[in-house]
Each structure stands twice: as structure tokens, then as C-alpha cells.
Amino acid sequence: MLAEPVPDALEQEHPGAVKLEEDEVGEEDPRLAESRPRPEVAHQLFRCFQYQEDMGPRASLGRLRELCNHWLRPALHTKKQILELLVLEQFLSVLPPHVLSRLHGQPLRDGEEVVQLLEGVPRDISHMGPLDFSFSAGKNAPADIISEEQNSPSQVPSHSPQTELPSEEIPALHPLNELPPPQPAPIRPAEPEEWRLAPSSNWPMSPEPQEILQDPRESNPSQGPSWLEENSRDQELAAVLESLTFEDTSEKRAWPANPLGFGSRMPDNEELKVEEPKVTTWPVVIGAESQTEKPEVAGEPLTQTVGQETSSTGWGGTPADGSEVVKVRGASDAPEPQGEMQFICTYCGVNFPEMSHLQAHQLQSHPNLQPHPSSRSFRCLWCGKTFGRSSILKLHMRTHTDERPHACHLCNRRFRQSSHLTKHLLTHSSEPAFRCAECNQGFQRRSSLMQHLLAHAQGKNLTPNPEGKTKVPEMAAVLCSHCGQTFKRRSSLKRHLRNHAKDKDHLSSEDPGSLSSSQESNPYVCSDCGKAFRQSEQLMIHTRRVHTRERPFSCQVCGRCFTQNSQLISHQQIHTGEKPHACPQCSKRFVRRAGLARHLLTHGSLRPYHCAQCGKSFRQMRDLTRHVRCHTGEKPCRCNECGEGFTQNAHLARHQRIHTGEKPHACDICGHRFRNSSNLARHRRSHTGERPYSCPTCGRSFRRNAHLQRHLITHTGSKQEKEVPQECPECGKSFNRSCNLLRHLLVHTGARPYSCALCGRSFSRNSHLLRHLRTHARESLY
């Protein structure tokens, strides 16, 4: 079946077969023969072909047929049925898993039938006889495909009639998920060699013309047995391999060592069990080395135990991650020892002796590239991220569950990773862990030492402080391109850039053209309100806080619930009285670090946020945002009960207590309760007699700041300052307070906004209504 038949014998057996091929091939154009790739180059192109979505299945099949014709030359060496069979098996091996899954359970006979199935075209049952697919799965081969011994280089190969199967008698093709079990094949007597086993791979290769298979050592004795020699043919092959290695698609991790063994890429390959070791004959391969190198000489039989092969490389002899496996030959003619396998990364070309080393290299050097379909990956069920190791996935899951198993025994602070705890413990140690060899300055972290050594390397002046230690100069490593602010660390710059991104996202909501860029920067979108976030944790917190109102973290002391575990931890410091954050200038202590940061701004005069309308400056961006609402009149916070709007959410929460009647703040002396803490503070001054607001001119003190401001008007020197310009538009009467003017306007309008709920009588002032209600109270007593 695989040997080259003698034309006379073939004409006697099948008179029309050879004539059909001759009619189809015809006279070949010499220019086309020169332009087509050489057989070994076409072989590499055929094996390394990858399926592309833009080409489609029909164009991919046509390209494979063209490459296989250049490689196998079916008019000279093989039957058309064998050519179609090789094309079919390679076509199935390059199909992606989601396309290959559509062919499960379908009896495939040729490549055209596969294309019709993928394109949805009804199949023609009488198209052609089925082709044998038993040896193309990479696990077993027909019994007649064996290595044969070459008697003489000049001998014309003969063909045995028993080895050829007519096309109409070839057994039917089994479905992909019902591959037939391998059958042991007897070894036949040696015949003139035309197919043999290549020592460098398990790829089946077709026989080439005699001049191509000539031993390179015979033509040039100085050259070694390597197939990449310094000649024109090898230079052409090396150029093709280099382009395939570094200019291929980003989806390919490495070349498979045995593309025929596509069974390792099947989704249902777990069902293929090996019950007992069976001896099979592997597909033999035509190599590019000398024809005189026979497996029998090296003492290697052509049969191999299935159990041994699958335990090392998987089904079909393919590595687990599909990386390229080659055997490196030296310059000498000595036989290569077994086990010298090299795994090559097709992105950078680095060689590794073991597969685990290659996988670790790809995880570290190429982390952003998508893994090979057959490589192991661990996916997070929360956000969908994939990881190469289960330990990394376990650490990532703690960001969703907020689990912090590592606790500090000194301050009870908890961390997700043990490395973070180790860095934290250095802050409690008085002895520095790292010291500078030049100035003997100590540091708790290696990064601080490296920054200090960088200052030494740049030749900066390190002035000693009074304690004898050198002071590291301030180094601004990164600069914000938007506002010009500098940061020491790149992580701080990334957090700062999010503030600019928020402003861009707000502007992009008004510009529909920039919606796509906003979705790329914020991939996690809330299904309720459409708000987008950069991280899944932010989306989870937003859903709990705004939509579901879920508060899974509760305080065991007071029962108060929180949406985040960090809020619960900071709240528990209120019960313990712990205030770990102290101001270095006034020694005032705070429970939270954010409170200390806000307090530190009060000591400085820096107010970087300015109002564009009135020029007023603020220390924080949120204060400026609240102030701008005074100019625009925007009141985004509205009450669901009465519809009244407020500029701040805190004002809305305080207003809602009027509807609910909640008074959470109680006086510990008289028990009187108040809605706001400020009212409680003013009430306590009535018990203590405290008057914190004093006049700097006369020394008179007041309980409220408003009373002090009213009193200061009496000390102003000019009459214009005494008379506040609040005049009545009806009668021209002036008032020093706006509330008095509003009360006076009720006289002109006749409005009585305060009505009694019992008798319906209305009043212009609230004090009059309260006085009227007392009459009803007296009536109820009698």
C-alpha cells in the first residue's frame, strides 16, 4: 500500500488507475516546479499549519491539499486515497476544539464531507467509498505500515499486491468518539525500504525521491548528521522555521510533537482507558537523515507498548501542553542517547530539558498570552480569570471571600498572604533588617534599601541628620502626565490615575463615541443600574451597598452590620477604644487612617482644589464637589417620602429621621433624645454650662456660634456694617437677619403655613401653633 509500485505490475492489476493519475498530472511547468517549496520545507509548513477563522474550513482544506501535494508528490509515490487520508487527519488535528466538537458521532469519510458538515450542506451518501482512518489517530497503525529495509540505493522499489487495498474495499471510518481498539500487527519479512522510522519525532513522513533521501555525509563528508546544515536547502528550511516560530499567531504556544495524535485534544479523551498493555505498530516516518540508519541497527524495535507511551506523553505521544519536543543531535556521528528531549518555547526560543520547566517559564515570561488548549488552567468561578496553578487561584479567591488567615500576634492585624505578614512584622522590629554598606543606614524593607542605594549611585548628597544617620533625598520616580503630580511609586501613580479616569468616564457618558473605550477600561457592569467597574470586587461591594442592601458582616458587641469586613474591623476599634493612628504634630489620635489623612491637611496651607466660579479653595476634591452644587443648585439626593432634595447624602439621612421618628442620640444626664449629634452637643452645654464661643472684644461667651456672630455686629465700627442689607420689598423695612425678614413677609402675603391637626386652625408662626396646642392639652386634662 505504501511502497512505490512498478508501473507494469500496477497496469496489470489496475489498468486504469495509473492512467488516471497520468492524465490528471500531465506535463508540469518548469517555472512552477522551481517556485514551489522543496519537500522538506513543504513538510514543515504542512505540519505547522494552524486553522484561522478568517480563512474558513474550505480555504484551510485547500491550503493543506496544496502543501501535501508539494510534500508527498502523490503522482510519483502514493495513491490519491492516501493523500486524502493524510489531509483529513491533519485537517482534523488543526480544527479548534469548539469546531471539532460539532463532528462528534459523525462517520467521516473524506475532507469534503467534513467541510459540508461544518457548512451545514447535506452530505451525498454515494460520493465515494469510505477511507480507512484507523492509523491516523496517532495511537495505532495498519499492520502493513511497517519499516522496510533498503537492500540497495539503486534498487527500484517493488510493490506487493497483498499490501494494497482498492478504494472500494477500504473499511469504513469510525466516529471520533468511537475509535477502534488497536490490534497487534505481525512483523512481515523485510522488503526494500521505502518507509522508515525517523529517530527525531513520531511524525509520519512520505518517501522522497532518491536524490533527496541521499545521505548528506556521502555528498559532503565534513557535514554531520544534523538536518539543518549550511546549504541552500537547509537555509531555506531554517528561514521558514524561524518565521513560523516568531511570526505566528498569538494563540499558538508551541508546535505539537505529533500532530497526528489529535486524540489528546479531544474533549472526550478521558473516556479512552487503557485496560491492558497492547503491542501496536506506530506510523513509520521518512526522515531527512541517511537511509542506512535503520531502527534494527540501533537495537530499537518498531513496536511499543501503549501503556508505556501514554504514561509519559499522553495519547498519541503528544506532550501535555503541546510544546515542541525535539531531540538535539550533536556534530558527531555517534548514535544519540535516549532521553535527551528538549522542550522549546516558540515565543522566545529558549530550550528546557523538562516540560515542567517550560510551563514555569511560560507562566513567568509570557503571563498575558492565552494558554494552549491542552494545558492545565484553573478558572475563578467569581470573575472568570484563569491561572496556571491552583495555589495562585487559592490566593486569588481570598480577594472575593476577604479571607485573611495570617494574623499578627502583636497588633492582631490580618493578611491574605504570609509574605505580607512577614513584611508587616518588620514594622514592629526595632532592629532594621537591611543596612547600607556605605553609610550603615538601616531599613526595614529591601525596596527602601534599593532606593537608597540608587541615590548613592546617582551621586546625590546624603546629609546626615542629628542622630548620625543619613537622610535619603526625596525622589520622584514617576510623573502624572495629566496634572504634573509626582509619586515615588508606580502603584501610587496608578491609584492617582483612577481619579482622572473617573472624570473621563463621566464625560464619556455624555459622548456616545467614547462608550467603547469606557467599557474596555471598566469591564464589570452592574445589571441593575449600568454602572461599570474595573474590578469584580468593586461591583460586588456596589451591589451590596446600593441595590441589595446586604450587610453580611455584623458586630458581636452592638449588632451593627456592614457590607465589608474592613469596615467591621475599623468599627470594632470603637468598642476597644483603640486609636492606632496619631498625628505627629499635635498628637491627636484617630481610629482610621483616612481620618488622620484629613486631619493632616488642617496643619498645612495646601488647598489644591479651587472653584472656577468664586475662586474658593478646598483641601479635598469631595469638598469642592459639594461646594459646586451651591452654584448649580443641583440636589441629587432626594427623599422618597416627600421628594425634598439635598446636596449631600448625610443631609438626606438626617432628614429621613423626621419621617421615621428615629432619635438615636440620647443625653446620658436627662435622657432627652435628639436626631442629630450636633443637637445633643448643644444640649449638653445646658447641663455643663459650657460656653465655648467667646467675643474677642468684650469677652462675652455664648453657647452657639450663631449667637456669637450676631453679637459681633454690635462691635463693628461703621453703621453700614451694623445694618445688614436685608430689606422688605413691600414696605422697605430692614432686618439684620434673614429669618426675621422671612417671618415679616408672611404679614404681607397672609400665608399661614402652620395648621393645627385637631381643629384645623392656621398660624403664621410656629411658636403661635405651639402656644395653641397647649390649649388642647389643658382641655384633655379636664
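Note that Cβ sites are derived from N, Cα and C of the backbone, with glycine treated the same way.
According to Swiss-Prot, the protein has these features:
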DOMAIN    1-71  domain 'SCAN box'
REGION    1-37  region 'Disordered'
COMPBIAS  11-20  compositional bias 'Basic and acidic residues'
COMPBIAS  28-37  compositional bias 'Basic and acidic residues'
MOD_RES   Ser160  phosphoserine
REGION    197-233  region 'Disordered'
MOD_RES   Ser206  phosphoserine
REGION    290-321  region 'Disordered'
ZN_FING   292-315  zinc finger
COMPBIAS  302-313  compositional bias 'Polar residues'
ZN_FING   321-343  zinc finger
ZN_FING   349-371  zinc finger
ZN_FING   421-443  zinc finger
ZN_FING   467-489  zinc finger
MOD_RES   Gln485  N5-methylglutamine
REGION    491-522  region 'Disordered'
ZN_FING   495-517  zinc finger
COMPBIAS  500-509  compositional bias 'Basic and acidic residues'
COMPBIAS  510-521  compositional bias 'Low complexity'
ZN_FING   523-545  zinc finger
ZN_FING   551-573  zinc finger
ZN_FING   579-601  zinc finger
ZN_FING   607-629  zinc finger
ZN_FING   635-657  zinc finger
ZN_FING   697-719  zinc finger
For the residue listed as 'N5-methylglutamine', the number of other Cβ atoms found within 10 Å of its own Cβ: 13
Tertiary contacts of the zinc finger (523-545) (same chain, 6+ residues out, Cβ under 8 Å): 382-383, 399-400, 498, 505, 551-552, 563-564
DSSP-assigned states of the zinc finger (421-443) in counts, ordered helix, strand, coil: 8 helix, 4 strand, 11 coil
Number of helical, extended and coil residues in the zinc finger (579-601), per DSSP: 9 helix, 4 strand, 10 coil
DSSP residue counts for the zinc finger (551-573), split into helix, strand and coil: 9 helix, 4 strand, 10 coil
Per-residue pLDDT averaged over the zinc finger (292-315), given as an integer: 37
